[in-house]
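K.L.:
Before anything else, here's the structure in question.
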């Protein structure tokens, strides 16, 4: 009821703030410099993004109104940023991801990997993390978590039920052999109880220590999914929003950057970092929730327990429900693999890619968005079922069956339907990215970026690695209470200006900043995967905060290590490139 009383008051305050800022903006427009006008709109948008007085996507549309009104940029220039090359890459990648979800291909991959890895506690957690991280590289972190958590829940429930049954059986065998065979708890009858032949309901035989351990395992198994989703998204350029923000801002602020951040170069840098983070996160969650008992966790030289057999049976049953791989699933898998190959081979760096070999000046004209949209188009064309060749059909001997076959269309419905895409596409993120690109463009053209860079010149006396580490920590804290994409959008242009002023490679600070924007591990509201896991009720906020603090430290450590080791030769981070002078010259 408290929320119901205060909600109208909060809403009224929000409306007042919005109109106050709008009218103040119009009043001071005549006395401000261009840089100040641009900074003012960015500050208002930052406040709105942090407080969410209006939806994030709606705040992202503010540049379309206020930049032209204040004379910062023309409407034409601002609107062009909302569906540029980077956003088209994002849209193409998302359409392919939606087709994978639509045909349940992600669930088949998940179950297959879990069955291969096995169900020993440590391996089961590692299996959940590997599958979640791999899937979130290609489809949205939220969709991956939403698909994985019910599988985790089913496995944990079955293990718990089996443990209960075994314990009661053991106690009953010690007293009498007339124990009625215990049935599994049915999901439709959660109130079912276990009885012994004398008709009495036994007390829960498990000790409080076993119950506590079971709760801890539940917490660890569910937390590992949301953490792995956030970590996995960092490995590919289209995996999560902040990565796309970096790609767009690099093209915006440094038009002549020679396509330094593309799908292949990002993967080469971020994938090893993801592997390192995933292993350290797994070790931390193992240590924190299960203890480092290798014999118990790994089951070295021991047979499968009843709990493990039950977990394995659940996974097998789920796999059986999916049936054999369908024609549509096979086609989607083929398109997905083809897209990844096209991305990697477009401009590998060490040899000429297909863009250069097959098309004149292809390297200049073709970017990663072209193959993404090409595969997306194919998904709306290729059929979901095998084409029916009437002339070759064996049913021609049966006249009735032949007549039915003739009535059927030669090609079935396509793999993907626009209504599905429209329903599942996160349009808010597309607008959020567009708003960020509009801000970056206005910052560069109004002179705000140059002014910020000039103010940060004193930072030149601090070692670059220290600057990168401190900035990573700041972003990691900030992203806990603000949208990951909004965080990257606000900070990356500032980092770019700072790099230009102290003459260090822009990517030396922008790469750690981008990756750190995805390290939202501490709060349920920090990112949708955390919220999904929290909603299942196994975890308290304090559990997430305790684990998340260490996860943030692991993240910053891994990023600092990556940027100072394999990142240096990959992006030539020891040099200040000629193309980076474009910002300072404006």
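Here the Cβ of each residue, glycine as well, is placed from N, Cα and C on the backbone.
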K.L.:
Quick check on the annotations: TrEMBL lists transmembrane segment for one of 178-198, 199-219, 220-240. Which range is it?
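P.N.:
TrEMBL lists transmembrane segment for residues 220-240.
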K.L.:
Does the chain bring the transmembrane segment (547-566) near the transmembrane segment (260-285), so that three or more CB pairs sit under 8 Å (pairs 6 or more apart in sequence)?
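P.N.:
Contact confirmed: at least 3 Cβ pairs fall under 8 Å.
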K.L.:
Report yes or no: does the transmembrane segment (109-139) come within contact of the transmembrane segment (39-70), defined as 3 or more CB pairs under 8 Å with a sequence separation of 6 or more?
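P.N.:
No, the stretches stay apart by this measure.
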K.L.:
Using a Cβ cut-off of under 8 Å, list the residues of the same chain at least 6 residues beyond the transmembrane segment (220-240) that approach it.
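P.N.:
Distant Cβ neighbours of the transmembrane segment (220-240) are 89-90, 93-94, 124-125, 128-130, 132-138, 141-142, 144-145, 148-149, 152-153, 155-156, 247, 261-263, 266-267, 270-271, 273-274, 277-278, 281-282, 285-286, 288-290, 368, 372, 484, 515, 518-521, 527, 529-530, 532-533, 536, 538-539, 543-544, 547, 551.
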K.L.:
Does the transmembrane segment (429-453) reach the transmembrane segment (39-70) with at least 3 CB pairs under 8 A, where each pair is 6 or more residues apart?
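P.N.:
Yes, the transmembrane segment (429-453) contacts the transmembrane segment (39-70).
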